Amino acid sequence: MKKHSIGKILILVLLMLACVTGCAKDNSKITIVGSSALQLLAEQAGNDYRLTHPSSNIVVQGGGSGTGLSQVQVGAVQIGTSDVFAETKKGIDAKKLKDYKVAVVGIVPIVNKGVGVKNVSMKQLRQIFTGKLTNWKQLGGKNVPIIVVNRSKGSGTRDSFEDIVLHKQKAIKSQEQDSNGAVKKIVDTTPGTISYISFPYANGDNIQKLSIDGVKPTNKNITTNKWQLWAYQHMYTKGKPDKKTKAFIKYMLGKKVQHDLVPKIGYLSIDDMKVTRDSDNRVIKVGK
Amino acid sequence: MNDKDKLKEVVDQAIADQQVPHVKLKKMGPSSVDIEKLTKPSKETHQEYWGKGLTYFAIGLIIVLVVSIIGFVGYHGLATFIDNHVNVFHFLTSTDWDPGEGKNHVGAAVMIVTSFAVTLLAALVATPFAVAIALYMTEYSSKKGASFLQSVTELLVGIPSVVYGFLGLTIIIPVIRTLFGGTGFGILAATLVLFVMVLPTITSLTVDSLKAVPSHFRKASMALGATHWQTIYHVVLRVATPRILTAVIFGMARAFGEALAVQMVIGNAVLMPYNLVSPSATLTSQLTSQMGNTVMGTLPNNALWSLALLLLIMSLVFNFLVKLIGKRGQK
């Protein structure tokens, strides 16, 4: 009797394995891996897409921009998502990848309300993150030491922030947190902290959004590049996408997602942008 | 054919000769003895093959798995030194951790120091408590009390590490911040979180070690006129010391490898800690917070694999220590 039950279990396990590997080869599946910032948008878009395309099977995973780019480069997934241009990531051959910009997200410096500062200049911001300014007094605020909370090295938000603010200077070594949520919680509760965060997360009782050079962090200011701290949300495919992947990306760029879902989540639609930016940070007005 | 006939003869003879009738043979009757069945492997033999085969198969699979994990981690971890030409000595002693900048910025000393500091401090704080709880459970409390305490410690083991980290983030960090200033993140917070996490491990293993002390040792001590505490201190603890040390090392191994809870309260700054409340980073916290942001095969990624290799080597060292102390204890 025992022999039989063990044998049966073994066969069952083998069958399950066969099924799992078999399912993975299923061609109708679109796997999207990468940037956690884009995960939410892709998930919701995927769910809506399924309503109109019942045969589709869209799986969305996080893992970070680096994971997204490297997975799509080796062809393990159909779509790799990233907060940064593939050109700026070491070890990625951007020529092999096709870039689809699906949304824009703003980044805003935030401080704990206790510091007494609401506006900084771009230069001051750079000096804070390179460690040259160490007390809020130096910026006209209260006598509180500045505590910098950075994002994890190599994270998309950090790369975008450093590209625009630091101009190749090195940030001081400081605390690092790897998610918007953790950053928000720390700045909300710790006196003297400064960090930066995507627009949709920038709210909290003790959180003060900073203006830069008098420009307020609003979506409208992003569309004209008056507010310079913003980043594209990219979807990358390896070479030309297959039919099903292409259809989904078309849906992502379509009216329903861009005018409905994207603003709902707190991102900006690509259609609203009056400027474009390339991987070398050159900004060009649309239509010129 | 001839052989079979001979065999049949022998069997028939045996049946005729038997004094106490053989149940199975009798049932079959002399003429219906199935020679095929007798000469071929029986059902039980087949079971034997099956059982053995399954065991070997499972063991083989596990061995392959272990070897391939070690091989994989080793291959990628060593790539930093072989392909990227990072100096091993530099890797172990430099505090400059910025692998994206090139091979001269791959120094893991901060993570190594912090990992060890957190581990040792957590074990140092947890051990007295664990021994006290274990002594109470084995020497003083009633059976009911002991089983209650045991289920409590088992409950502590079952709580996921992310919950410990979250509790640390919401309770311990603000308390440290108000008491000592700064951000509250650092070695102290990590120590306190790990203290709760390794306490049950050390406690339950210490209980086992105390229970293993033969009761006639205690009785002999009592007979000599020693008090209960004198017995505990001079006899029970002395005898159990090697196994208690083993328990502590198991606890340290757990603390050393813990990633999530530590990552939430350590602050993740690759800075050499100058006091207990300055933010720092451990090997594990650096791994968890960085792995999604690096690209396979590049130096930053390989450097993370080197950290993983370091962790693997350390856990092997811990295992080795346990074995060593166990052997010493037996002598």
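The backbone N, Cα and C atoms fix where each Cβ goes, glycine too.
Among the features that TrEMBL reports, transmembrane segment is placed at B:53-75, B:106-135, B:155-176, B:182-202, B:244-266, B:303-322. Annotated domain 'ABC transmembrane type-1' per TrEMBL: B:112-322, in sequence order.
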When counting Cβ pairs under 8 Å to the transmembrane segment (B:106-135), the leader among B:155-176, B:244-266, B:303-322: B:244-266
Same-chain residues near the transmembrane segment (B:244-266), Cβ under 8 Å, at least 6 residues beyond its ends: 114-116, 118-120, 122-123, 126-127, 130-131, 161-162, 164-166, 168-169, 172-173, 185-187, 189-190, 193-194, 197-199, 201-202, 205-206, 208-209, 237, 279-282, 284-285, 287-289, 311, 314-315, 318-319, 321-322, 325-326, 329
Surrounding residues of the transmembrane segment (B:53-75) on its own chain - C-beta under 8 Å, 6+ positions past either end: 305, 308-309, 312
